[in-house]
Amino acid sequence: MNKLVDAHCHVITDPDNTFCGDDGGSQGTLRCVMSSNPYDWNNLKKLAGRSTSKNDICVGFGVHPWYSHLFYVGSRRDKVSHYQDVLEYKNEEQFDSLVQVLPEPLDLEEYIKREFNDTLVSVIGEIGLDKLFRLPANGFYMQNEKARLTTVKVKLSHQETVFRRFCRLARHTSKPISIHDVKCHGKLNDICNEELLTYHSVKICLHSYTGSKETLLGQWLKKFPPDRIFVSLSKWINFKDPEEGDALVRSLPSTCILTETDYPIDNPDPSYQKALTEQLQYLNAQIARAWDETLDASQAALRVYENFQKFIK
């Protein structure tokens, strides 16, 4: 049986540090686990250190746009001034309430200098831009805590500054990147052209890609060599409409397709782990069918595995 690939998954964001660092074992899946913020990064380090199957976990290091407001770039400012600078808001009351619960911002340069480990980290990610995300009332998104959404957003200019910094880290270390992109397809492509196009060792994974096929084929796959662009497909985004998912698969070179769950993996419950495995099996079956109805899922799984090895090396 061919090993399954989860090219983009997570651990839980846990500010209270109660995380147990248990993924229930690899479950026969090669996992590329993203970090998005300082809290899940601490948890991911624990998981990588405790894993009994270290060859099945690839570690990502990054700052997701949903958490980019937790960092400042350049000179330190007081807490209120920082959040005034990086947040976009019209409701002063909402802003004041958020500032009360948000932590003191961290120096992005110090964070990278202190935490980045070239030996441990395989991928720079998750990084990117998000035009739609609104901050929850508790200050930042946590998988296990439900909070109402405010109307406050992180300024795109700040998201871009953070994203560019991680692009430069990828250039410096020759690591691949995994990109989050919501309604910023052209902007992200422009930035990657500026920051990465001439750095041939940096590969790019467009995770759960939701842009147009025209942007994908006419920009990403036209300007970048096909061996540098990968598209990671998820069940709940790319195959929400199976026909659209099939059409996306057929439009792509078979050499650039990856599979993902985009779910936290640090829940050892067997039924939860089984559900993650079934998502990846579903994707392989859909990909195989889109290529050729005579193919079976194992053939797609083999190709995806080979693609991931090229992405990560």
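Every residue, even glycine, has its Cβ placed from backbone N, Cα and C.
Site annotation for divalent metal cation 1 in Swiss-Prot covers H8, H10, D262, and the matching candidate from E126, E145 is E126. Among the candidates H82, H158, H207, the residue that Swiss-Prot names alongside E126, H180 for the divalent metal cation 2 site is H207. Each residue contributes its Cα atom, and for E126 (divalent metal cation 1 binding site) and H180 (divalent metal cation 2 binding site) those atoms are 7 Å apart.
Fewest Cβ neighbours within 10 Å among the binding-site residues H8, H10, H180, H207: that distinction goes to H10.
Neighbours of D262 (divalent metal cation 1 binding site), defined as other CB atoms within 10 A of its CB across all chains, total 20. Rounded to a whole value, the Cα-Cα separation of H10 (divalent metal cation 1 binding site) and H207 (divalent metal cation 2 binding site) is 13 Å.
DSSP assigns D262 (divalent metal cation 1 binding site) to coil in the three-state reduction, outside any helix or strand.
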